Each structure stands twice: as C-alpha cells, then as structure tokens.
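Peer 1: Input: one structure, supplied below.
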C-alpha cells in the first residue's frame, strides 16, 4: 500500500516536474529549455515561487520537497563546518555566541552607573536611607486580602518563617488606609499584603511604611513547602543572607532596595540560609535555600521555603493609595511591551 | 563650558534633589546647576518661573523656603532670598515690576520687594488665600492678577493692586445625582489668552472652564478625562485646547470649545509633574516622577520628538519661548562684559538675516515678551490644526 502510494507520489512528482515547465511555458512566452528536460531536473523561470501554484496538493508537495532539500543542505553545511573546525584544531576561530533575548537586550538609558554621583546621592537620601544607615531595623506585617483560603494562609505562614521579625495578622475586612497609620504608630517598617483570587495567591503589595513607596506585583508560580521536591528541613530562626541579581536600571535599583530593606542587616552565616531575588526579563524569582560548602569549590544546596515569581505592575510614591497616589512607574502593556528585547527592571 | 552654553538650553527642569538642569535638545546635552555645588534634598525645587528681563533669569523656589535667582546668561546662581511665613512648600512663584509673589501650601500669599539682599524684609502685601493651596498662577496678560486654588479651596482670582477680597470667587457645581456635595481639588490653573476665562484641572479628573465675565460663578464648561487625578495642565498654541497629565502618566489634549478629547500622547510611565507647551511651536515638554524629560510634537504628526533621562525625579519645568531652536551661532561665546541687551540685539540681528521681518526687535523684546508671543501665534502656519 505504501509502496503504491510512494510510487504514485513519485509518478505524480515526475508528471508535475514535466508539467511545470510546460505550464510555465504557457504562462511565459520566452521560456526555453522546457522541452528536452530530464523529468527530475526542473528549471523554473526566474521569479516563480511555490506560492503561485494554485493547486493546494501540488503546492504542498512542492513545498515539502523544498523543505527536505533545505534541511539536507543545512546538514551538509554543518558537517562541512565541523570538519573544517577539526582540521584547524587549535587555530579554529571561536564559536559564535548564539543570540538570545537576554543578550540582545536593548540598552536601557536608565541603567545605573556605579560611579554616578547624582544617582548615588538620590539613593543615599531616598526613603530607604534610614534602613541603609542602620537607623531602623525592619519589622514586617504580613496580611492578605479579605477572607483568604488555605493556600494563601499557608503561604503567609511560610513567608513569616522566611522573613525574620515578621508578624502575620488576619485581615478582618479592614481598609488598608486605616491599617497603615496604626502600623506606623506601632513601628512597623513594611507591610506585605498578599492578594488572593479564586483560592490562589496572585498579587503582592509591598509598602514601605513611614511614607515610602508601594510596589504592586503580580505573583505567579507559587509553590508551598510541601510541593517542592527534594526540599530540606524547615528553615531555622537564623537571619538569612540576601542575593539580589540583575537589578540594573534605576527602577530595578529601587525595587532591589525595597527587597533588601525587608531583611535585617546582619546575616547569620551559621544558619547557611539565603534568600534570592533573581530578576530576569522583568520577572523576579524568589527562592530560599540552605547551602553547604562541601569543599573549596563545591556547594550543595537544598531548597526550603516557598518559591514564587513576581512581576512589577506599578511603583507608587507614598503609602498605599491606588486612587489618589502619584505613581513613579506604571506598567502599560500596550506601550511598554511592544519590543521583546526591552526590559524595565 | 556648560555655564557658557546655558543660554542656549531649551528646557529648564527643577528636580527633587535641588538641582536645576538645563537641557539642550539640539546638542542633546543636560547640564546640572546647583547653588551649593552639591545636590541637597532640602533644596528640592518646587516652583520655577522666568525672572525679570525676558528669559535671562530664572527664579527657583526651593523647599527650604528660599527663592534663588539663576542667570541663564552666566550660568550660575546669583542670589537667594528667604521668604518665611506660613507652612509648606511654594505652590506658586511669580514676579512683576520688581516684586516677587510667593504662595505657600498653607495659603499665605506674599508680595516681596525684589532686592538682592539675602536678609528677608517684611512683605509688601500679605493675603490669606485659604489652606491647602495646590497652585497659584499669574495672569500673563495682567501681571497683577493671580489665581489660586487647591484642595477644598475653591478657585479665587485676586487683584494685587485692588482690595483684599478676591475679584472672582468660584462656586462649586451643583450636588451630583445622589445629592452629595462634589468635592473640590483644583490642581492646576491656567488663564486663557484674549479673554477673562480660566481653566482648572482637578484631582477628581475634571477640567473646568470659568468665566468671571459671565454672571454665573459656576464653571461654564466641564469635561472629564480618565480615572486618576490630573496633576498638570498647559495651554496649546492656538488657545483652543489644553493638555492635561495625570498621576498615571497619561497625557490628553482636550478641546475647550466642545469639551471633548482630541487625542492622547504616549510614553510617560510616571506621574506628570510639569507640562509646558512652546508658545508658538507645536511642542510639548513634560516631566514627571519617572525621571525622564520628554518633548512631544502635538500635531502633524502627534508623537515623541526627544527623550532625555535626567537622573533625579523632576518636579517642574520651564520651556524657553524663543523661536530659533535650531539656529545656534557657531562662534565662541562673547564675554559677558557687554550688557545683556546688547548681546541680545546682536544675536537677534545675526539670526534674523533670513528670518521673519521685524523692525525694532530691541524695543519689542523689552516692552512685552508676552505680546510678541501672541503675535507669533497669529502668524499663518502656526495655528493650522
């Protein structure tokens, strides 16, 4: 059956091969070379493309043939290149780096230069200055949106073990604008609100308290402790170290400082715990690990604690006031997401 | 070098760190100017206005209640003046006839004698405007007339040469459909040219036109835009529309004849703090909390022209109203031994070789800068839609 089909196809191909030049001859008067042709070698007149064939089946066939040919040619060039490389040995030119979206990133003019004095002054006197000058130490309030379900409650509990000096309170339908003055009077420095939708946490509002900025994130990929494979034992009370990766722009710096101000200053290295906020392509990945140095160069890590991914939606100057507050940065998808290689954090 | 080229800057921006930045869009350079040589957050610029003598001086109102004078010719600060009284930052700064008008957040409006001494003398005039002022604006046509407005502080127009009572006091609109009082929050005020009308934009996303000449004290026209407080407003050349900006960085052009939205401008990511149009060209400069100064073209075609990253949060801006943005003399700057008027005249004659016909540019410049601007507006080609 298959053979018949195959031969039929081949027959069809040969017929087509014979027909094409004839059709072309009909269409274009000046076509030569069409009469005395071997059936397989088809010479198409210039300017003819496969998409001009009106019959769908024939067009598809021609296309698959062309594709197979392209693939063969590609393999051949690869083999040739590999042989040449082996022949040259050490003198071979270095392998070209493949293009990725990360290394094709459009240069952001707001990238912070470490030697820039104006930006350094701006950062030294911003709302987090009192934390970075060791004048205040963090005290966090973690709460949720009203009537949280199990996952959100457990996430809050786990977060409170990860972030030292944090307290979880049940949100009894209270307005944030009323909670905030009370927090300030009780010396809280940060407020975290985990928003929940349809029984899963999907948003995070992080507000630095005396009068600091409020960041609103979209949260996704939340994995609680029991869902993490090969996890270690529960985290201890030691103060973890922090890693902030890849926050290069001015906005990224502000967010990075916001995360840094959640944790107390002096990490306890005995605890060997580390919290990582890794920014890649505007997504911030939060992980909590315990590490151990097996030798000078080998480290073993165990993942503890919850893991989630955040994406910044807006950064508002001042404490939480979504209606009347002034925004320092708002994510506008139709204006900012037009280029796949442009990132803002 | 930066100081010498300061007069060619197209836009002057004041920041939250106390730095005055002069931006030259032709050369794409920004220069920082600070009074003390170091940025200081206590000197955050809250108000900017042109000083006396055309556009050669800038008055900068800082958060520590001092008004600093900056010379664009020399590119350095010339003096400062402490203006105490009341609480809060400056919400409006203006100058007329050698006097300085300041208005602060708590509602104290004072007129000071503009001398160069640093010691503060008593104010010439003091008015209590009402607490919670968000803006005080001077009428460009009548420099003695100012308007103030703020949060729960209705629009009032004051004549500084007249009585202590406001000339026009606006009335709140009628109760809404639930019979609730509509709150007032006037964030920015502009005087419309060639009439007595005023436009305000509010924190409840309304744009209102008031006409003191009409018998009604309520707004003559009301338009709404968006869902967020409108923080800044400017008139377009042509005088028929205004451009407003809100806390989300959305810019919109609203027609004042019909009260409808003409179009929006894209690009800003943060709250708009300062907006100003060039008096004759269709260019709009905007600055905000996202630390970037943008210059948009308002018509034919509408879009972004220039974008400059200035590393601090920008509070207010001033656009140079001169026409020759492109022409810059290539020869080195003359030393400032000549008086400013002579240099102005020389530059004008040099640049007016092929340009428009103007007799006696010297007198025109010094007599009324605003009148010449209006005449430029009426020239054909600049008011085409």
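Cβ coordinates are placed from backbone N, Cα and C, and glycine is handled just like the others.
Because TrEMBL annotations are produced automatically, they should be read as predictions rather than curated entries.
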Peer 1: If I go by TrEMBL, the feature region 'Disordered' sits on one of A:1-53, A:107-159. Which?
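Peer 2: That would be A:1-53, the stretch labelled region 'Disordered' in TrEMBL.
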Peer 1: So what's the average pLDDT for the domain 'Brix' (A:138-321)?
Peer 2: 94
Peer 1: In the compositional bias 'Basic and acidic residues' (A:83-93), how many residues does DSSP call helix, how many strand, and how many coil?
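Peer 2: Per-class counts: 9 helix, 0 strand, 2 coil.
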